[in-house]
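I have placed the structure first, in the form of structure tokens, so that the comments after it can refer back to it.
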Amino acid sequence: MEVSEGSVTVEVPEERHGASEGSGEGVFYNPVQELNRDITAAVLRTVSDDCDEYLDAMAASGIRSVRAAAAGYDVTACDIDDDAVALTRRNLDRNGVDGTVHHRNVNAHMHESAHDVVDLDPFGTPMAFADAAVRSAGEYLCVTATDTAPLCGAHFESGVRSYDAVPRNTEFHAEMGLRVLLSALVRTAARHDIAAEPVLSHVTSHYVRTYLRVDSGARAADALLEHLGYIDHCQRCLWRDHERGRVPDPTTTCPHCGQSTWTAGPVWLGPAHDAAFVDDVAGAIPDSFGTADKARDLLSTVATELHQPTHYDQHKLYKRWNEPNIAMDDFLAALRAAGHEASRTHYGGTTFKTDADVADIRNAVE
């Protein structure tokens, strides 16, 4: 079958929804990831003045490679699947664009070759490729993770094993997954004296996607490590707190309701995006992209999110309070009127961030 994205048309063997249907056998095309690919294409447009070379680390159908090549990038693609290599070459040819396609283990390739932009889009965890990727990426590292259950703590042991962190399955589980992933990537880069700083991140349709600007130097890496720390969370009243540091000093009892608390970490507590960069990416999305409106809406919300490391769900708070909820706009206005910062988030229509704690939130909206 044929599919079109952006300005390219490619041959794909079958559609499969990735995380929801499993990796399956052989090469497949995931239509749910079109938003991911559209935003990636916009990122490549945004950074094109500084970047020329793009590595598609898991080529599959080659659609990422073809779109990058059509944008003027010097493209290299890797895959260990014979069919994927052949299909990627055909799709480059049919679109009249150039690219080098390697049939080899991408870790071996990344250890030997540098690229301005490295794009990791595996099925499952990206951590098996992270060490090689941070060394190969000269300017930007783009990473997808589809193993959201381990990342958010729903599959606890797998999350600990894959990300060397304690994830917790909280009501802000999507952001928990993002911050566990960012922590693992930042720590991996720092081991190689590389600073990997997130400039755009989102959690959409059972996957986490982040873009990190990379720079070499132990001091820069050390500075980013200062943004690692731990989150304490109460499952009963939804109180939470966070503390930066390498060694956890957990609050074991909730100061608000007395319930025993959970501690997660080390997680990334710093900004997950750079608002100016996100705005530039949104401005680089043309109307011809299939998910243009959705991508712009998503990025608009991401750009205005506060940098607090956790978000709340308004409906879940009101459920705990056993009260009917009010309109979100009125809710956020009440928080701001009480002197607090507040913003919507991209994690859901009733999610928000604020610098207020649970008690202050309730006082502000009563």
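Glycine too: its Cβ is placed from the backbone N, Cα and C atoms.
Residues annotated as region 'Disordered' in Swiss-Prot: 1-28.
The annotation domain 'Trm1 methyltransferase' is assigned in Swiss-Prot to 1-365 on the grounds of sequence analysis.
Summarising the annotation, Swiss-Prot assigns S-adenosyl-L-methionine binding site to Arg37, Arg64, Asp79. Asp79 (S-adenosyl-L-methionine binding site) falls within a strand when secondary structure is assigned with DSSP. Sequence-distant neighbours of Asp79 (S-adenosyl-L-methionine binding site): residues of the same chain at least 6 apart with a C-beta under 8 Å from its C-beta are Met58, Ala59, Ala60, Val85, Thr88, Val101, His102, His103, Val106.
Feature annotation from Swiss-Prot assigns Zn(2+) binding site to Cys234, Cys237, Cys254, Cys257; the stated evidence is sequence analysis. Sequence-distant contacts (6 or more apart, same chain, Cβ under 8 Å) of Cys237 (Zn(2+) binding site) comprise Cys254, His256, Cys257, Gln259, Arg320, Val358.
Cys234 (Zn(2+) binding site) has a Cβ environment of 22 other Cβ atoms inside 10 Å. Taking a C-beta cut-off of under 8 Å and a sequence gap of six or more, Arg64 (S-adenosyl-L-methionine binding site) has these contacts in its own chain: Arg37, Thr40, Asp56, Asp119, Asp121. Arg37 (S-adenosyl-L-methionine binding site) falls within a helix when secondary structure is assigned with DSSP. Predicted-model confidence for the domain 'Trm1 methyltransferase' (1-365) is 96, expressed as mean pLDDT. Neighbour counts of Cβ atoms within 10 Å were taken for the binding-site residues Cys254, Cys257; the minimum is at Cys257.
Using the Cβ center of Cys234, Cys237, Cys254, Cys257 for Zn(2+), the list of other same-chain residues with Cβ within 8 Å runs, in sequence order, Gln235, Arg236, Leu238, Trp239, Pro255, His256, Gly258, Gln259, Thr261, Val358.
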